[in-house]
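Undergrad: Sharing a structure with you now.
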């Protein structure tokens, strides 16, 4: 069938019943049966041969698949071609029987009085068609074929073996004349339809290649402009032709190109040809044929545009779910993105993952050459790895935007069950004066979008006419000049004029300009190899601002060229101005149900009272509470205490390393894109930092914390080692107090205390945490945070207008004790919606205040609120969620937000002794720690000696249970003060078993550390036990000395037995345990 948006007069219809076939003689029927048998035998022969020669059956299946695809595509094309031929042959009967039944199928000369039927022109074309065919045949054989053969050595044997354009002539199904735009021109819209039986065959004898075309269909609207009208023969100065929209093209290939008929490949060939046609005949490209001399062809080929449309692609609603599960039984989501087209100008938005209500907030600028006529087409697709799924389209006539200046509305998506898209379209007029340029630039600076390109303040048209007396090439040969025109990062090239030093290009170029006072035009004239420079020219745009009509039309002297070398250029600047009177209403809310549609194809012909999108604007009820994302307030806080380091490498050596020096160490900590750096400690291989760092993290899998040590030097800092920690292990254990060995160096270790802070809504616990923190002191002057504040800013209502009476573009700034975050800037509205979340670390909620400031593009204040966090402490669950009145605004101005406070429950915080406990003085409450942190234990120092005579040292363990992983884990961190087994110390390792275990399936051991009485292992062992089963186990651990079979050294250093039901497995805190020596 014809395409959905076929041109007038090309709608489909029904075919006339074919006459009954005559009966066949017996001889012909016998031959038909034999021929059918032969075809079946030919089809089975490849299968037999494949089995005989041992080929895989997949080869046969693949060949069969290709053949069936080709056959199916071939039949479809033949059917379409026959239908089009039938339509032309029976046009009168078809019109009488079918065309008048429905209004949408009426030809243009019936539907619209200004579209005329020109049967007289079609009769002329039909009569002249054979002679047109003779001319085209002569053109192909005598002009085009020699040019193709000369273009490549591979095509030297190319020849056209058959050229026949057929008997079906091109038809003009309607003509519309426009004479109201300009008195010196006549514009014609020709609705063309061609379904021809053309046959062209090509042969390349060198490669034994034959190919061709048999049948072409072309449907489209061709615009013909006759201008300028002159008072002399031939009355018209030139003829300009172009397609406003890409025509519909269908080509039936023959010969070797039948391979391109395979589904998935046939569109490639058609698209390539359509791109070639579009590069010459689809706006902004035009074909201009001058009829008289001394015409500015470049200006006719590329006149100044009618205007510029700024497109704001805001959001979409209720899109179709394409990523379904279990063959559509379970609805999924889509990953939508949008493709916007105006003529040959195409833009693609970013895709939003798994969202049926995406928000793009992107801006594009397009040049509009002809209105009415050009239209904006928006197509929405679902991003997929293979082929993207179609989610709907909408078309908007840009003439509507020109009349309304600003269109801000929802548009229903066509050809899909549901979906709508929110667009804001602004018509920018072209001003020939720079009086308002500074105002335009100031407005653009306040416009914020997600697109990388800032809004343009002006448009620049450059007409490159000709050059004169360019320098010659070596050997006094004529050059082949071309020109490169650059403005900032945009560069465009002219065509190449071969074998001349006075080229005539007659090319035109258009550029968008952000700030003319800061940009220059750079023109480079080069030879066709781009290596030899023939001259250059630089024109500051500030020079153009001082000229009348912002236009320069003159010869320019080329720099770095010959003394007589010059170039003729016309430069026109136009300021882009949005009319102040264009003040649209507030954008309509998201549609709850599809409203009445627009005209056919989604193009409105005039503004209707329901809005250009055809959607009603019901007043939505205000919600009383926020609706944040489920991931809101799920982040956690990691606290890193960098304590000290030992045995670092000395990098500051003297006399070529003969005299050992020290190092000036510092630490870099990287986590989640954030880098912390400690202060530098001078000349110390055992530095003590005692610094604290805090960072808010999202619990994503695979995150790591990287620690790197460096020696501070004057030139380049020296590397002292590194190590990495897995965040998931820290979250699972929640607390680590451990020495970590440095990697990639000979020696060195770092002492860290890491804590993943649980978040609770316990107000009494806050007092204990604040008391503990007041007793802490760190060298980097950091005060530990007692809570984390999550703020969700959803929307505002009833905001005041700007001083000019326009609706503001509102942004919100959230401030807490010097830390500031900003939302996006919403489009013009007094009821903006942001839906953005932020978080802050809070030192003391009793003394800190949250401030929210609303403003127009961070300028004019629109109101603010001041919220003491003490008020949140009195809210249920420490959550404040409601509308708040704005200060410095209207009485009805409010903002809807949620403030959630979570207390950071550190395990090192103090608890209160119960009244009546021994040792309490007269009922005075005494603060005691939950436990003594291991890094504060005096026995941790190297001079530690065991008090018990049977003590053989200590072992540091973490025994815990991971609820998420449903497994028991035991981490062997280190040992200290082990008993020596010989004069060289010992080679210790740790082995253990979980009793009862008759088959020793839980027996594990660590690696052996050579000659070390304070070894570090840091090895973790996991067991797939339930929590109940874990509490029934008993840990039997031994620290042993690795000895040979014949050695007399003692093997057992110490033992430890531990009932797991005596440990809080859910906490999983590292602890030191005494080892018991072996007794005789």
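Just so you know, glycine gets a Cβ as well, placed from its N, Cα and C.
Unlike curated records, TrEMBL annotations are generated automatically.
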Undergrad: Would you please say which range out of 436-484, 485-533, 534-582, 583-631 has the annotation region 'Disordered' in TrEMBL?
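TA: Among 436-484, 485-533, 534-582, 583-631, the range TrEMBL annotates as region 'Disordered' is 583-631.
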Undergrad: Between 31-50, 51-70, 71-90, I'd like to know which one TrEMBL lists as transmembrane segment.
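TA: Of the candidate stretches, TrEMBL labels 51-70 as transmembrane segment.
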Undergrad: Choose the correct range: of 1-23, 93-115, which one does TrEMBL annotate as region 'Disordered'? Give that range.
TA: 1-23
Undergrad: What does DSSP give as the helix, strand and coil breakdown of the domain 'C2' (291-411)?
TA: 12 helix, 62 strand, 47 coil
Undergrad: Counting Cβ pairs closer than 8 Å, which of 291-411, 618-740, 770-884, 951-1073 has the most of them with the domain 'C2' (439-560)?
TA: 291-411
Undergrad: What average pLDDT does the predicted model assign to the domain 'C2' (291-411)?
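TA: A mean pLDDT of 84 is what the predicted model shows over the domain 'C2' (291-411).
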Undergrad: Mind tallying the domain 'C2' (618-740) by DSSP state, helix then strand then coil?
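TA: Looking at the domain 'C2' (618-740) with DSSP, the answer is 10 helix, 62 strand, 51 coil.
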